[in-house]
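Listed in Swiss-Prot:
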type: BINDING; residues: H40, H64; note: heme binding site
type: DOMAIN; residues: 5-81; note: domain 'Cytochrome b5 heme-binding'
type: MOD_RES; residues: K6; note: N6-acetyllysine
type: MOD_RES; residues: K15; note: N6-acetyllysine
Amino acid sequence: SDEAVKYYTLEEIQKHNHSKSTWLILHHKVYDLTKFLEEHPGGEEVLREQAGGDATEDFEDVGHSTDARELSKTYIIGELHPDDRPK
């Protein structure tokens, strides 16, 4: 059985906007990319700019490979709380 999904509020996610803890939202899923910053092919700067917020639009605009999408899954720590999702 799958473990219960961990939900994070937007307020909580927004606190993780620095190099010691870098979280992002993509498609309502929360990613901890702290350890990925230096490995990001697009550079860490773009991730830092989006840190603590929703980067879905930028992620899709840039276009990411299937490999990138598969890799990104390993950094998922939970999901954005349903109450904080756009209606």
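A Cβ is built for glycine as well, from the same backbone N, Cα and C atoms used for every other residue.
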Q. By DSSP, how many residues in the domain 'Cytochrome b5 heme-binding' (5-81) are helix, how many strand, and how many coil?
A. 33 helix, 20 strand, 24 coil
(Q) Return the residues near K15 (N6-acetyllysine) by Cβ distance under 8 Å, restricted to its own chain and a separation of at least 6 in sequence. (A) S21, G52
(Q) Return only the integer: C-alpha distance in Å from H40 (heme binding site) to K6 (N6-acetyllysine). (A) 25
Q. Here are the recorded positions: K6, H40, H64. Which has the lowest count of other Cβ atoms within 10 Å?
A. K6
Q) Any idea what the Cα distance is from K6 (N6-acetyllysine) over to H64 (heme binding site), rounded to a whole Å? A) 25
